[in-house]
Amino acid sequence: MSKKEIRAHVLQAMKALDREKKGRDDKYLLEKLCNTPEYMHARVIATYMALPHEYNTQDFIERALKDGKQVLIPRTLAHRGMEFCDITSSDLVRSSFGILEPLAHTADSIVSIDSIDMIHVPLVAVNHNGFRIGYGGGYYDRFLSGFAGSTISTTYGCQVCDFTPDSFDIAVQTVLVAR
């Protein structure tokens with residue numbers, strides 16, 4: 001299967017997940033994530049605002065803030081670029097992708113890539129070596145190519161599959177899979 005076909009197949013499976021099981025899996029993944037050395041040692045964490053079929057990042061964001069972490073979320077830029085903004089000082093707006101992201105006027109809340117300790121990376125599918133398939137824009141592969149910190153993803157079992165990565169793909173260092 002092509003990446004496009006895998007993406008479509010996995011998205012369909014994610015959207016079909018039982019809501020109660022998804023909720024239990026989200027709680028399980030939250031505890032696993034917050035007990036990783038990557039999380040425990042990080043001061044500045046980048047994550048994302050999840051779509052309904054994705055791992056629910058809202059509880060993770062709240063937990064990280066409660067734990068005294070600085071939490072960042074991405075904002076997409078022209079030419080498929082991306083930057084991360086501190087959410088405690090940002091107003092959020094729905095992007096063209098349908099996800100919440102910081103408003104453009106919050107430039108004072110932009111955090112340098114060198115200041116980020118850990119990135120919680122979204123994905124649609126992932127293989128056993130940590131290579132991911134996202135939504136097809138390449139935003140994270142481009143950003144991660146210059147990132148030296150820890151990368152971690154949370155995923156449901158239906159998202160793990162076999163595929164051959166492209167030469168430009170960047171593997172996630174740690175992948176946590178729901179039971």
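Backbone N, Cα and C atoms are what each Cβ position is placed from, and that goes for glycine too.
In TrEMBL this protein carries:
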- Lys3, Lys4, Glu5, Ile6, Arg7, Arg132, Ile133, Gly134, Tyr135, Gly136, Gly137, Gly138, Tyr139, Tyr140: ATP binding site (BINDING)
- Met49, Glu54: substrate binding site (BINDING)
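Annotated features taken from TrEMBL, shown on the structure.
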residue: Lys3; record: ATP binding site; Cβ neighbours (10 Å): 17
residue: Glu5; record: ATP binding site; Cβ neighbours (10 Å): 10
residue: Arg7; record: ATP binding site; Cβ neighbours (10 Å): 17
residue: Met49; record: substrate binding site; Cβ neighbours (10 Å): 19
residue: Glu54; record: substrate binding site; Cβ neighbours (10 Å): 21
residue: Ile133; record: ATP binding site; Cβ neighbours (10 Å): 21
residue: Tyr135; record: ATP binding site; Cβ neighbours (10 Å): 15
residue: Gly137; record: ATP binding site; Cβ neighbours (10 Å): 12
residue: Tyr139; record: ATP binding site; Cβ neighbours (10 Å): 18
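Spanning the residues Lys3, Lys4, Glu5, Ile6, Arg7, Arg132, Ile133, Gly134, Tyr135, Gly136, Gly137, Gly138, Tyr139, Tyr140 that the record associates with binding ATP, the maximal Cα-Cα distance equals 20 Å. Annotation note: Tyr135 (ATP binding site) sits in a coil segment as assigned by DSSP. When the Cα atoms are compared, Glu54 (substrate binding site) and Tyr135 (ATP binding site) turn out to be 12 Å apart.
Glu54 (substrate binding site) carries neither a helix nor a strand DSSP state and counts as coil. Met49 (substrate binding site) and Glu5 (ATP binding site) are 24 Å apart (CA-CA, integer value). In this structure the alpha carbons, written CA, of Tyr139 (ATP binding site) and Met49 (substrate binding site) are 15 Å apart. Between the CA atoms of Arg7 (ATP binding site) and Met49 (substrate binding site) there is a gap of 19 Å, rounded to the nearest whole number.
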